[in-house]
Amino acid sequence: MERLAGRVMLAGGMSRAVMAIAAGAVGALALPPFGFFAALFFSFTLLVWLVDGCTGKPGGGLFSRILPAFGIGWCFGFGYFVAGLWWLGNALLLEADEFAWALPLAILGLPALLALFYGFAVAAANLLWSDGLGRIAALAAAFGVSEWLRSFLATGFPWNAIGYGIMPIPIMMQSAHLLGLLSITTLAVFIFASPALIGTKKGMGPGLALAGLLLAAHFGYGFYRLQTPAETPADALTVRIVQPAIDQSRKMLNTDRAEIFAEHLRLSALPPGEGKKRPDIIVWPETSVPFILTQNPDALAEIASTLEDGQVLFTGAVRMEDQGAGRPPRYYNSVYAIDSQGEIIGATDKVHLTPFGEYVPFEGILREFGIDNVIALPGGFSAASSRTPLTLPSGKTFYPLICYEIIFPGEMTPGLQGAAAILNVTNDGWFGDTPGPYQHFLQARVRAVETGVPVIRGANTGISAVIDPYGRIIAGLDYGRVGILDATLSGGSNDAFTYDTHRTYFWLIFSILMIVAVFPALSFARRQN
């Protein structure tokens, strides 16, 4: 291992960039649909050795060392995000004649921007670099902060945070309930980078022992927590999720709107399976209603005739808000609650819009510079200022998250407290049967664990599921299947944690790692001088 580490450290020029890109790309194997978490041991071990070789030019000063480290981190991130997000380009192929020009932006441009976070993380860690365990702690702390920044800067896009790589199955998800995603990400980097100590020997014993203990605790806590079955309340609701698997190209045709609506009604009216209760609530996916529902009373009447007495439909739909004479209306990506009388008894709008999918960031600036191609990308939705929990006549509430809102742990506001479930409606049909829907589904499962609240996930093409507060699938429909699932909704876990608690733990872990990193770095700097 020492010889291999030495060869990596001494590699120069283009070979270093290629190795960093390859290390990041291999790390994406830890993500769905593969879930091979051990790949990240290779990735971060190689990354540490590459940074070990960032010595800078003699007399070149601080930046001569930081810039090569930034480059290695950027290349690592570029490989990771290209391998993990290439499927985004599939959405542009649905209207290839109009948007094929944007494929390089989706497949290479977005990863190039996201890689900046990892570039800055490695550059920051390099400021505290040493020749032992301290550098592993510095790298973990820096990656934790970079993922925190990625979750909110420029609207935020925390998709495929490193922490998801160490949570492929429920037994490995439970630590997220105790610590939260950011803490898991930080500790995961420490664990995955620790084998690099074998190549340099210094700090190897304590480092590997600590990493081993953390990994054992990760599995052990998961095993312990999964011994508790999810409780089913006496007044538990039965949920039906409708998965019509409407091809996205068909949803975009005006001619098929009536047939699409009829398909949702048909699936909703199917009798429950043998031994199943009649559903109390029915869930349709994001933007299931292919027209403005409030302008179509006949559609509401058809919904009323389909629902049995006491049933409530939650459906994704586009909501239009009239702005008055001379002003264009606003459109919102919404969820309606509709009772068996065809009355809309609740509604909520999407708060966190998808950039370039539901709106174009900096549209005014782009228009001033004459960049019309980007402005022509799909969009046109307005963002709500807050989300409204949906309440049944019985008083039970559901916390709505539309599409990728569920990937943001910070979206879990106090309105989640006391909710019967998180209601997540989405349409992953844009991306086809690629890794995208599977990655999205994993993040929904982790939110259930993190919050201790079950998740009802209705997806047009899948994966639809009812998920218990431990991330286990009570019932599900695979990607691409047409059908329904009926399931009894479990209760939440009794040991709920809040996002504020998780955030406190993250900064505590960050502080401990910084202490571990700073003292060896000071000693290392003195020896070098």
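First residue shown is number 1, and so on along the chain.
Glycine is no exception: its Cβ is also placed from the backbone N, Cα and C atoms.
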Of 35-55, 203-223, the range Swiss-Prot labels transmembrane segment: 203-223
Interface-richest range of 8-28, 105-125, 178-198 toward the transmembrane segment (66-86), CB pairs under 8 Å: 105-125
Cβ neighbour count within 10 Å of K350 (active site): 26
Cα-to-Cα gap, K350 (active site) vs C403 (active site, nucleophile), nearest whole Å: 9
Other parts of the chain folded back onto the transmembrane segment (105-125), taken as Cβ under 8 Å at six or more residues beyond its ends: 24, 47, 51, 66-67, 69-78, 80-82, 85-86, 88-89, 91-92, 135, 138-139, 141-143, 145-147, 149-150, 157, 517
Integer Å distance between the CA atoms belonging to C403 (active site, nucleophile) and E286 (active site, proton acceptor): 7
Overall pLDDT of the domain 'CN hydrolase' (242-491), taken as the mean: 88
Residues satisfying Cβ distance under 8 Å from C403 (active site, nucleophile), sequence separation of at least 6: E286, N333, K350, T354, V425, T426, N427
DSSP state at C403 (active site, nucleophile), helix/strand/coil: helix
